[in-house]
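The structure under discussion appears below in the form of structure tokens.
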Amino acid sequence: MGSGNILYVLRLGGLKLLLLLLVSIAGFVLLHLAPGDPLSQFTLAPGMTAERLAQIAHGMGLDQPLWRQYLHWLYGIMTGDWGRSFRDQAPVLGIIVSHLAATVELGLAALAISFTLGVGMGLLGALRSGRVLDDVTSVVSIVLFSLPTFWLGLVFIYVFSVRLHWFPTGNVSSPGDRSVVGYLRHLALPALTLGLVSVPVWSRYMRTFAGEILKQDQIRTARALGLSSGRIIVHRLLRGALLPMIPVAGIYLPTLLSGALVTETVFSWPGIGRLFLDSLQYRDYPVVMGVLMFSAILVLLSSTLAELVHHAADPRLRA
Amino acid sequence: MTRKTTSPLLSVRNLTVSFGGPDIVDDLSFEIGHGEIVALVGESGSGKSVGSLAVMGLLENADIRGSACLAGAQGAGGDTELVGLPARQMRALRGRRISMIFQDPLSSLDPLQTIGSQIREVLRAHTPLKGPALRARAIALLEQVGIVDPEGCLTLLPQRLSGGMRQRVMIALAIAAEPDLLFADEPTTALDVTVQAQVLRLLKGLRDQTGMAMVFITHNLAVASAIADRVIVLYAGQVVEDAPAEVFFRRPAMPYSRALLSAAPRLEAVMGGYGHLEAPRGQVPSPGQRGTACRFASRCDDVREGVCLAAMPPLVSIAGPGETNHTVRCARWEELAP
């Protein structure tokens with residue numbers, strides 16, 4: 001590795017740290033600008049006095065000027081202390097980790113659905129370019145893209161839970177039921193909701209990438225050499241089109257989190273997204289900031305990881 | 001070195017191709033003998049590529065009529081009609097009996113697979129070879145097409161090779177299963193002139209070694225003269241002249257052929273500042289506007305109204321007794337003969 005490379009890595013790393021810093025400042029300022037106060041949850045408590053309230057505010061550090069609060073918080077983040085929840089004094093990092101599994105499971109299930117459907121639709125569209133099936137997949141993509149997540153979720157709940165009673169309306173489990181089947185039944189609707197609205201991302205990119213490869217001479221040549229269609233589709237088309245999908249995935253995967261925000265709320269799914277909204281309602285600054293930073297780090301890690309995987313997977317970049 | 005055989009390897013009869021509109025290739029008929037190199041010459045849009053792709057079964061959404069009959073493999077009689085052949089059977093023939101190489105050798109190769117992997121892919125599709133035998137055959141093929149370090153080449157991606165090397169690799173892929181007929185669609189057009197000559201020599205050498213026949217599609221008459229045993233000139237989707245190369249380049253019978261020959265830059269022309277380089281005026285009529293008369297009439301210097309514009313002249317044989325077959329589509333060929 002030459003000094004140029006080291007410089008590049010340093011610059012890239014520095015840039016990403018700077019980005020995180022900006023996100024944290026913007027988040028912190030916006031959060032405190034927003035109306036409402038974490039103390040409001042205490043004001044209505046019986047026997048609450050102004051003195052007692054000031055005492056609580058002091059304990060939370062809310063009596064300090066904003067820049068001192070920020071620096072204090074920043075120092076904590078850097079030293080591994082993400083603070084404690086205003087609501088129950090539990091450590092923020094612990095709260096995030098405890099909500100992580102639900103979001104990851106929902107995200108993976110949604111990803112599996114959207115990736116399979118999206119790649120399949122994109123591939124079909126490219127292979128049937130200009131014919132009916134191409135138009136059908138395009139229209140389906142546009143419709144799915146235009147559907148608001150919360151609306152689709154509510155429709156699913158109404159149709160499949162309220163009307164048909166096939167699936168529960170929300171949460172991860174029913175009381176007293178800890179079985180895997182029960183869990184999967186709870187997972188089905190939120191995963192389908194989040195998965196379906198994410199289909200267009202994959203299908204449109206896949207349609208484009210596969211279409212580009214189909215236009216290349218190599219497909220015609222492979223046919224001229226007598227290779228089977230199946231082999232050409234899997235080995236040339238799928239492989240060639242999935243490769244540029246890796247960087248797309250790096251950019252897109254974190255947006256599952258924002259999608260989860262809505263989906264988790266609609267389906268009372270106890271993940272990071274619902275944690276964020278709940279904490280926002282309580283003006284639980286440490287938790288909100290913690291989730292924000294956690295997501296920001298995830299976004300940066302995801303795109304970096306995608307770059308590395310892309311580099312490793314594309315033989316042209318290795319050579 | 002035309003090998004004279006009574007039955008041709010490929011016999012194309014009245015081949016007509018359209019894509020839902022006017023006929024692109026119109027009533028095309030020609031024959032390719034065993035081991036013969038035939039240059040298919042014509043301007044862009046003359047139908048030379050479309051006709052070849054139709055024979056290869058590589059056109060999609062095309063309406064193909066007529067006949068393209070491939071003689072049975074040596075020792076195994078039975079001709080195969082390629083037009084209308086089910087896709088599965090057509091695929092079994094492609095690569096094995098008839099193969100094809102194209103103009104741009106970079107985009108023709110898979111950019112993500114090593115050369116070795118691509119050769120093995122084709123060999124596996126057509127031969128029972130496995131393991132070390134497969135590798136040995138891949139190396140032998142690369143040697144055969146003149147790759148200097150075949151073993152090293154196996155591990156390279158196409159992007160690491162020069163244009164000439166890529167075309168050599170492409171040729172190795174096309175001849176991997178020892179086809180009887182190779183369509184070469186402008187295989188040297190994208191290459192440097194020196195590399196062009198090498199690739200032409202390679203193709204001709206391969207024919208001499210293996211007896212594989214070749215349809216060499218080109219718009220470049222210099223290239224055609226370097227490699228062809230026979231020249232077939234296409235104009236607006238039709239054959240207008242079909243002659244042995246030595247006859248064609250000495251005394252072409254069709255005015256269009258003569259125009260093509262005088263439009264080809266030769267050294268004297270270049271030295272003279274392209275002074276006497278004459279291009280046929282006008283343009284090839286597009287498929288919808290070909291009319292019922294001689295299609296070259298609008299651009300022909302020797303056009304005569306009553307004769308040339310009356311009807312489509314048939315393709316007539318003008319070879320004297322004992323001469324190799326020579327056909328031309330011109331109503332005035334006798335008057336115009338030099």
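Think of each number as a place in line: the chain as shown, counted from 1.
Including glycine, each Cβ sits where the backbone N, Cα and C put it.
A TrEMBL annotation is a machine prediction, not a hand-curated record.
Record features (TrEMBL):
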| type | residues | note |
| --- | --- | --- |
| TRANSMEM | A:12-34 | transmembrane segment |
| DOMAIN | A:100-310 | domain 'ABC transmembrane type-1' |
| TRANSMEM | A:106-127 | transmembrane segment |
| TRANSMEM | A:139-160 | transmembrane segment |
| TRANSMEM | A:180-202 | transmembrane segment |
| TRANSMEM | A:241-267 | transmembrane segment |
| TRANSMEM | A:287-309 | transmembrane segment |
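The transmembrane segment (A:12-34) makes contact with the transmembrane segment (A:287-309): 3 or more of their CB pairs lie within 8 A, with pairs spaced 6 or more apart in sequence. Within its own chain, the transmembrane segment (A:241-267) is flanked in space by residues 102-103, 106-107, 110-111, 119, 122-123, 126, 149-150, 153-154, 157, 169-171, 189-190, 193-194, 197-198, 201-202, 205-206, 209-210, 212-213, 273-274, 276-277, 295, 298-299, 302-307, 309-310, 313-314, which lie at least six positions past its ends and keep a Cβ under 8 Å from the stretch. Sequence-distant contacts of the transmembrane segment (A:180-202) (same chain, at least 6 residues past either end, Cβ-Cβ under 8 Å): 105-107, 109-115, 117-119, 121-122, 140-142, 144-145, 147, 149, 152-153, 156-157, 160-161, 167-168, 170-174, 245, 248, 252, 255-256, 259-260, 263-264, 266-267, 269.
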